[in-house]
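The structure appears below as structure tokens.
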């Protein structure tokens, strides 16, 4: 371990094999907290490579709890969080729209990072059981086509890393890793990040993790979702190739909405916002959900363009199919 830390101190990259070995030792309890903190800090100071991020994600995913399911076309739309936007639960709300549109949604998420309510908090407020065992979660997914996987329960190996992260108190490679280590073998993914400078590299990691198609998105002002208050940037992974794109609301036929109009509240308040959107009540929350669900349909390949995805999202919500998915999850994941 000392050799690894010394290498990072000299601003030298770790090989995939070196990173794999050190993370394996960490997640099996063989490395001291102080050394883990030094590793995280060294990687941050040097700058994390695609190879290092991929190796970390592959090891962490290998130690995740496995969800038994016959479904092989799962999708997630989890973001990194930490964007300090204090928005409502955009991706969680959009997940029900995507599921209502026929996509098998395995929503991976946690409690709040930068807002008052993370995906786990708002779903708990809606009566969703966060603590079902893996077999039960697999059954929920088979029965409903949507399931929520509480990251804290899915990744027991995180307990070895968390104390070092907390002691550092700064963003590290781990902040970028959560959406990459989904317990299932996802086919497609929409991943939000507050770091527009990492769109392409994150798409490369998703490619290395086996995604067939994906969109990595960063909204205006560092929002880790698509936004209607400025230019949204995204990387598209398609047919093994990665391309960079951006759009303004007017480019996709939508009106600009200020960030202040989509502020959220606590878990109970955000649950009420989620319900209002799924019940098709006109609001900035509805428009923002439609945008992100539309981008999700495009990321999945269900639509051929973002505009087509937006139209599909409106149709799914208006039909009641998205709200029906929430009711199914409340019935089966309880």
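Cβ coordinates come from backbone N, Cα and C, glycine included.
According to Swiss-Prot:
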BINDING   79, 82-83, 87, 89-92, 107-115, 119  5-phospho-alpha-D-ribose 1-diphosphate binding site
BINDING   79, 110  anthranilate 1 binding site
BINDING   91, 225  Mg(2+) 1 binding site
BINDING   165  anthranilate 2 binding site
BINDING   224, 225  Mg(2+) 2 binding site
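Residue 224 (Mg(2+) 2 binding site) sits 15 Å from residue 110 (anthranilate 1 binding site), taking the C-alpha atoms as the reference points. A Cα-Cα distance of 15 Å separates residue 108 (5-phospho-alpha-D-ribose 1-diphosphate binding site) from residue 225 (Mg(2+) 1 binding site).
Checking each of the binding-site residues (110, 165, 225) against residue 91 (5-phospho-alpha-D-ribose 1-diphosphate binding site), the C-alpha distance stays within 10 Å for 225. Put simply, of the binding-site residues 110, 165, 225, the one whose Cα is nearest the Cα of residue 87 (5-phospho-alpha-D-ribose 1-diphosphate binding site) is 225. Checking the binding-site residues (79, 110, 111, 165) against residue 225 (Mg(2+) 1 binding site) with a 10 Å Cα-Cα cut-off leaves 79. Sorted by the number of other CB atoms within 10 A, the binding-site residues 87, 91, 110 start with 110, the lowest.
Here the binding-site residues are 108, 111, 165, and the one ringed by the most other CB atoms within 10 angstroms is 108.
Other Cβ atoms within 10 Å of the Cβ of residue 79 (5-phospho-alpha-D-ribose 1-diphosphate binding site), summed over all protein chains shown, number 27. Annotated pair residue 165 (anthranilate 2 binding site) and residue 111 (5-phospho-alpha-D-ribose 1-diphosphate binding site), C-alpha to C-alpha distance, rounded: 16 Å. The 10 Å shell around the Cβ of residue 225 (Mg(2+) 1 binding site) contains 26 further Cβ atoms across the protein chains shown. Calculated from their C-alpha atoms, the gap between residue 110 (anthranilate 1 binding site) and residue 79 (5-phospho-alpha-D-ribose 1-diphosphate binding site) amounts to 10 Å.
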